[in-house]
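J.: Take this structure, written in structure tokens, and hold onto it; I'll ask about it next.
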Amino acid sequence: MGAFRWLSIAAAASTALALTPEQLITAPRRSEAIPDPSGKVAVFSTSQYSFETHKRTSWWSLLDLKTGQTKVLTNDSSVSEIVWLSDDSILYVNSTNADIPGGVELWVTQASSFAKGYKAASLPASFSGLKTAKTKSGDIRFVAYGQSYPNGTAYNEELATAPLSSARIYDSIYVRHWDYWLSTTFNAVFSGTLKKGHGKNGYSLDGELKNLVSPVKNAESPYPPFGGASDYDLSPDGKWVAFKSKAPELPKANFTTSYIYLVPHDASETARPINGPDSPGTPKGIKGDSSSPVFSPNGDKLAYFQMRDETYESDRRVLYVYSLGSKKTIPSVAGDWDRSPDSVKWTPDGKTLIVGSEDLGRTRLFSLPANAKDDYKPKNFTDGGSASAYYFLPDSSLLVTGSALWTNWNVYTAKPEKGVIKKIASANEIDPELKGLGPSDISEFYFQGNFTDIHAWVIYPENFDKSKKYPLIFFIHGGPQGNWADGWSTRWNPKAWADQGYVVVAPNPTGSTGFGQALTDAIQNNWGGAPYDDLVKCWEYVHENLDYVDTDHGVAAGASYGGFMINWIQGSPLGRKFKALVSHDGTFVADAKVSTEELWFMQREFNGTFWDARDNYRRWDPSAPERILQFATPMLVIHSDKDYRLPVAEGLSLFNVLQERGVPSRFLNFPDENHWVVNPENSLVWHQQALGWINKYSGVEKSNPNAVSLEDTVVPVVNYN
């Protein structure tokens with residue numbers, strides 16, 4: 001490593017260019033920056049896809065926290081995770097195993113001589129989410145998660161016996177979830193110990209891994225598809241493990257209820273929930289989803305979040321602090337705060353908590369006393385962008401990693417009493433693909449909506465000139481309880497759309513998160529009501545107040561609930577205001593909602609089951625005959641085969657109707673994608689077709705010689721007409 005030089009963050013800078021789909025997809029993607037104990041450097045990973053080689057490469061680097069310069073730590077793409085053991089010592093996961101196909105290895109090395117490390121453990125399957133704690137004797141206790149058989153044995157896909165039949169048989173739901181079919185294997189947290197050797201002898205695995213989850217029937221942690229290392233924690237002394245699992249006694253498809261379990265690291269006892277129905281400290285009436293368990297520095301307390309409602313995935317998260325061994329009711333902390341935080345860390349002295357929460361179109365950091373009363377209002381100390389990870393430095397400041405609408409990676413320091421202290425690195429100052437992007441690319445406004453003021457982002461194109469006019473792109477977010485935030489996305493990136501020659505307006509209508517729970521909750525049984533009214537009022541505001549926006553040649557696009565709303569708009573007066581529409585994975589036929597996997601979602605959104613409240617389901621039906629008769633705007637329909645949340649039949653049904661009605665339309669399908677399109681090659685086609693579609697009908701294709709065209713896609717179009 002000594003041959004590598006520290007590189008200036010501006011070393012790769014080049015001339016500003018519009019953000020093309022190719023640049024968006026191939027721009028380096030960096031992980032959170034994890035500081036070493038001294039606070040001098042931080043380690044992070046980078047991956048980058050190439051359309052020349054059609055491969056992704058990855059490497060690890062060190063970031064100098066004083067100068068902002070970086071240098072490569074290792075180019076070994078098999079290094080999947082890194083944990084600091086000391087200022088120079090590192091424990092890392094090698095994603096391959098020389099002795100066990102499908103297994104992984106743990107290696108110990110020095111940051112100053114990375115290639116000279118040694119193997120400390122050979123693990124029998126694929127594991128990730130490594131967390132460690134050093135004991136007084138110098139041993140390293142660790143936890144990680146992998147797949148498990150019902151008997152607790154780690155599941156290794158490469159060594160598993162392939163069944164002779166492809167049949168699947170189910171006696172209960174779930175049958176499938178997100179993009180996979182459920183089987184008898186499940187996620188589980190495993191514990192192990194690396195024993196410190198004597199003298200010059202290094203660490204080695206002491207005994208076998210222990211499954212901490214499988215002894216609890218029907219438990220699973222982390223919970224797929226989005227669960228990960230934040231679903232469990234290891235106490236600083238290595239004695240205890242806390243993990244989240246959905247309620248084993250309840251039907252998983254009908255309830256969001258989950259508990260936080262506590263178990264000794266050595267698995268000497270079976271895990272027990274601290275907030276289950278029979279737990280002595282369970283707060284009265286609190287039955288919703290639990291999340292993000294985090295031990296205090298001395299290990300005697302455990303912070304976590306929990307929702308109240310047992311069927312509402314977007315209920316407000318409330319912070320709780322449990323005292324280990326206590327049978328008293330677990331107290332809430334700042335329980336009346338009208339925000340829904342989703343990450344938490346203790347300050348080193350154990351007196352204060354730092355939480356991350358959506359707030360007014362950002363993800364901000366807040367501080368609050370660990371014993372704050374319910375009426376306490378946490379104090380924000382970051383502003384723009386979306387903070388995604390944060391670690392304490394020796395001087396009690398925080399090293400924060402985040403993003404913004406104008407950069408996919410932003411590292412800075414902040415402190416509760418001082419706010420943002422120092423910017424260390426930002427991708428738009430490093431990467432040629434993002435060069436020229438900056439805060440001036442965006443603005444925001446509020447307008448009077450259906451019942452309250454509504455927020456909207458404005459994203460400008462390259463070389464924006466307010467004396468000119470640019471066609472409108474109307475972005476509608478999914479969820480429906482979600483938002484457009486000041487954060488980077490490689491799937492729906494408004495800057496990449498704007499740089500075709502548009503102004504993007506991205507409103508946060510009724511149902512949006514981060515603006516108070518009342519706005520979020522108001523979309524229940526109201527999908528085509530207040531949110532649609534908000535969008536109409538937003539369009540009117542833009543038409544009347546933003547002189548640089550050409551609403552006569554505008555287009556609209558949305559995914560998931562945003563796709564539903566595009567389908568709803570197609571049959572509404574607002575649909576006639578647009579030259580083209582793009583609907584990605586949206587619901588179309590009201591009665592088809594019963595085909596989803598997370599039944600709690602639809603049953604909560606529409607106030608009952610499909611058979612008890614069918615009128616509610618049909619109230620906002622884009623496929624109602626009277627609405628279909630209004631369809632007229634050219635429409636691109638995108639739907640993929642592995643989308644089990646909103647099955648592909650929804651998109652096919654919509655396309656059938658559009659074709660039968662003679663509306664210009666196209667169907668884009670990916671057999672290997674789910675609710676999202678993430679494969680780089682597929683993502684490129686997705687962008688070419690979505691942007692090409694709107695460019696064709698808005699007139700941008702003719703006015704901008706560099707605009708994306710439908711003809712850019714090399715995949716042949718099937719057209720029997």
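Backbone N, Cα and C atoms are what each Cβ position is placed from, and that goes for glycine too.
Quick caveat, the model's predicted, so the values are computed rather than measured.
Swiss-Prot lists these features:
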SIGNAL    1-18  signal peptide
CARBOHYD  N75  N-linked glycosylation site
CARBOHYD  N94  N-linked glycosylation site
CARBOHYD  N151  N-linked glycosylation site
CARBOHYD  N254  N-linked glycosylation site
REGION    271-297  region 'Disordered'
CARBOHYD  N380  N-linked glycosylation site
CARBOHYD  N450  N-linked glycosylation site
ACT_SITE  S560  active site, charge relay system
CARBOHYD  N607  N-linked glycosylation site
ACT_SITE  D643  active site, charge relay system
ACT_SITE  H675  active site, charge relay system
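Neighbours and distances for these, please.
T.: Of all Cβ atoms in the protein chains displayed, 13 besides its own lie within 10 Å of the Cβ of N75 (N-linked glycosylation site).
Under 8 Å, Cβ to Cβ, and six or more positions away along its own chain, N94 (N-linked glycosylation site) finds S78, V79, S80, V104, E105, L106, W107, K119. Under the three-state DSSP scheme, N94 (N-linked glycosylation site) falls in the strand class.
All protein chains shown were included, and the count of other CB atoms within 10 Å of the CB of N151 (N-linked glycosylation site) stands at 7.
In the shown protein chains, 17 other C-beta atoms lie within 10 A of the C-beta of N254 (N-linked glycosylation site). DSSP assigns N254 (N-linked glycosylation site) to coil in the three-state reduction, outside any helix or strand.
Counting Cβ atoms from all protein chains shown, N380 (N-linked glycosylation site) has 17 others lying within 10 Å of its own Cβ. In the three-state DSSP assignment, the secondary structure recorded for N380 (N-linked glycosylation site) is strand.
The Cβ of N450 (N-linked glycosylation site) lies under 8 Å from the Cβ of T510, G529, A530, P531, D533, D534, K537, each of these being in the same chain and 6 or more residues away along the sequence.
Cβ-based neighbour count (10 Å, all protein chains) for S560 (active site, charge relay system) stands at 22.
Non-local contacts of N607 (N-linked glycosylation site) by the CB criterion (under 8 A, 6+ apart in sequence, same chain) comprise Q524, N525, A613, N616.
There are 23 other CB atoms within 10 A of the CB of D643 (active site, charge relay system), with all protein chains counted.
Around H675 (active site, charge relay system), taking its Cβ as the centre, 19 other Cβ atoms fall within 10 Å, counting all chains.
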J.: Other than its close neighbours in sequence, what residues sit by the region 'Disordered' (271-297), given a CB gap under 8 Å and a spacing of at least six beyond its ends?
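T.: Cβ under 8 Å, 6 or more out: 212-213, 215-216, 219, 230-236, 240, 242-244, 247, 249, 256-263, 303-310, 312-313, 315, 317-318, 320, 322, 326-330, 332, 342-346, 348-350, 370.
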J.: Listing them in sequence order, which of the recorded positions N75, N151, N254, N380, H675 have their Cα within 10 Å of that of S560 (active site, charge relay system)?
T.: H675
J.: On a C-alpha basis, identify the one among N75, N151, N254, D643, H675 that is nearest to N380 (N-linked glycosylation site); the candidates are the recorded positions.
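T.: Minimum Cα distance from N380 (N-linked glycosylation site) across N75, N151, N254, D643, H675 lands on H675.
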J.: What does DSSP call N607 (N-linked glycosylation site) in the simple three-state scheme?
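T.: Reduced to three states, the DSSP call for N607 (N-linked glycosylation site) is coil.
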J.: Tell me, which recorded positions from N75, N254, H675 are within 10 Å of D643 (active site, charge relay system) if we use the C-alpha atoms?
T.: H675
